[in-house]
Amino acid sequence: MANTDLRMSVITLWLALALSALSICLAAVGDIATQDFFNGILSGASDTCAGKTFYTYSDFITAANAFSAFGTTGTSDDQKREIAAFFANAAHETTSLCYIEEINKTNNYCDSNNTQYPCASDKYYYGRGPLQLTWNYNYGAAGDYLGVDLLKNPETVAQDDLTSWKAALWFWNVNTGSVGTTCHAAITSGQGFGETIQIINGGVECNGGSTSSVQDRVSLYTNYCSQLGVDPGSNPSC
């Protein structure tokens, strides 16, 4: 009986430690990306911006906690750089979280050659959400991962804030795109902020494509790194 009681005590202690570690892990994103930090970004948007009332801190934290590696990987500096990198790209894509949808809605961004995620009739896959999710194959893959039919209902990314953040974080943490790696892996492995630009919009902006866009992303990144008390690291530009 004594041995049984001892084993139960050990198991109980192990479970308590595991739950405590999990709690610490999930709280880490909020410890770095605080409400004040988030509000500082949102304050750059005009009061007339749709995103001013759409994008909320609570939904961001809920979405971030659904991706356990986000903002919790590597050293404290790695974690801070990832948070800075994510929001720098989001702030650039949405003009400080002002926009929910792409301004120019004339392009439906339908890749008809993609048979895995064929475009739904009369649906447009232009940019939506914090990272401006674009193209039918990205909406389809994100929807599969999140358990939401975004291929048939892409507008959900601009209508439901939690889904909007989750779609952006899916792109950041899961989507490997054309370069074969994720934004999360790039920034936490030391490849640098420039690689996240390459993943998100490198074909258009990098290698002289749009120097001003790259400079804006880098400027935002270095600013957020400064706010979080971390150096930007190597290779900040593409």
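Including glycine, each Cβ sits where the backbone N, Cα and C put it.
Quick look at what TrEMBL lists:
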ACT_SITE  Glu93  active site, proton donor
DISULFID  Cys49-Cys98  disulfide bond
DISULFID  Cys110-Cys119  disulfide bond
DISULFID  Cys206-Cys238  disulfide bond
DOMAIN    49-71  domain 'Glycoside hydrolase family 19 catalytic'
SIGNAL    1-27  signal peptide
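In the structure as shown, the Cβ atom of Cys98 (disulfide bond) sits within 10 Å of 18 other Cβ atoms. Around the residue listed as 'active site, proton donor', a 10 Å sphere centred on its CB holds 22 further CB atoms from the protein chains shown. Across the structure, Cys206 (disulfide bond) and Glu93 (active site, proton donor) place their CA atoms 15 angstrom apart.
Nonlocal intrachain contacts for the domain 'Glycoside hydrolase family 19 catalytic' (49-71), taken as residues 6+ away from its ends with a CB within less than 8 angstroms of a stretch CB, comprise 25-26, 28-30, 32-33, 35, 38-39, 42, 79, 82-83, 86, 94-95, 97-101, 130, 161-162, 164-166, 168-170, 172-174, 184. Summarised as a single figure, the pLDDT of the domain 'Glycoside hydrolase family 19 catalytic' (49-71) averages 98. For Cys49 (disulfide bond), the same-chain residues lying six or more positions away in sequence with a CB closer than 8 A to its CB are Thr95, Leu97, Cys98, Tyr99. In this structure, the CA atom of Cys110 (disulfide bond) is 27 Å away from the CA atom of Cys238 (disulfide bond).
Each residue contributes its Cα atom, and for Glu93 (active site, proton donor) and Cys238 (disulfide bond) those atoms are 16 Å apart.
Cys238 (disulfide bond) and Cys119 (disulfide bond) have their C-alpha atoms 32 Å apart, to the nearest angstrom. Secondary structure of the domain 'Glycoside hydrolase family 19 catalytic' (49-71) per DSSP, as helix, strand and coil residue counts: 13 helix, 0 strand, 10 coil.
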